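Structure, as structure tokens:
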């Protein structure tokens, strides 16, 4: 036999509700449907449901934590922006040096073209 599926309701008492397959599905061949049953057992005595971590802090602690996280985020953002600006400067310097090399190469090619034009063109006086 399959173990029934357990679900937690949204009630404030945090009671568990058991979902059990309906026997009607087995006879009809349809997809199983589930019926809600009342909880059969409670938590053992002394067992307490854990609260979410956020509910254990005071409003002042939450504000301090938010401030600390914001400052950390801003600091990381400043460092990332600084690194981005450094990489951009390096990239621009690389482009400028490439432009200088290409300008020199272009000037040499223009001079070579002029020389070849002089050599190949018929001289008319």
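Just so you know, glycine gets a Cβ as well, placed from its N, Cα and C.
A TrEMBL annotation is a machine prediction, not a hand-curated record.
Keep in mind that this is a model prediction, so the values were computed, not measured.
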Segment assigned the feature region 'Disordered' in TrEMBL (from 1-31, 32-62): 1-31
Of the residue ranges 64-91, 92-119, the one that TrEMBL records as coiled coil: 92-119
